[in-house]
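Annotated features, as they stand in TrEMBL:
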| type | residues | note |
| --- | --- | --- |
| TRANSMEM | 56-73 | transmembrane segment |
| TRANSMEM | 93-110 | transmembrane segment |
| TRANSMEM | 155-180 | transmembrane segment |
| TRANSMEM | 192-211 | transmembrane segment |
| TRANSMEM | 223-242 | transmembrane segment |
Amino acid sequence: MEKSIDRDGKSYGTTTAKDLELDDVNTSRIAPKYQGTEEDKVHMKTLGRKQETQRVFTFVTMIGFGSTLIVTWETLLTNSFSIITNGGTAGLFWGFLIVFGGFLFVYASIAELSSMVGEAPASPTQPGEASGQYHRVSEHAPPWAQRHLSYITGWLCIAGWQGGVTGIGMLVATIIQGLIILNNPNYVPQGWHGTLMTIGIVLFCVLFNTYGARRLPLVEGALAVLHLGGAFIIIVILWYVTATFSRKIVRR
């Protein structure tokens, strides 16, 4: 795939990775099979970056990773009671469409920022770091505000990560408690049960991401299958239940 390369202020026209001086890639400590595609190498060279981590995710596993982040129908099921009591089915339907349309603007903005990065000079942040949002802020903010805005954004990201991981862990713990209550009528739920399970779930996630990171693509691929297949199953079940309930109402 041809790209327009602008490196060190000089235009190189349309070229491919084979036409570039990719010395920093070829001498990288990363094994060739983990260096990504030729287009990945072009992007890294264009942005003045040196690859520091292994590219182990494929297109399918990236879909799985995205599915674990957005958890659309999974979250809907866990929050169905509050949704039904606050707006009902009409609120659920229109709210789903509004959120879908709103996120299209979010993705369009991210795509625009990504296209701008390819034309911008090298960022003052260190190459190769997984900086996320604060890297974006530093990349596009005015020079006089880069340091302050990226610093604030970085700490907000950390707070969001900590709160998000804890909240998701607590959600999983309450689901486990619900399954225990459903299958064991003698079980008496206690508040500290949920807290203890939350600690265990978060600890498991930390250990797996620390020592089992190489298995993440396999896990994310499996989650992609479960996410798409589960959505189909849930739709069929809800469709059947709704149709059955509607027929009972009509008969009455």
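Each Cβ is built from the backbone N, Cα and C atoms, and glycine gets one as well.
Tertiary proximity for the transmembrane segment (93-110) is limited to same-chain residues at least six positions away from its ends with a CB under 8 Å from its CB atoms, namely 87. The stretch in 56-73, 155-180, 223-242 that contributes the largest number of Cβ pairs under 8 Å to the transmembrane segment (192-211) is 155-180.
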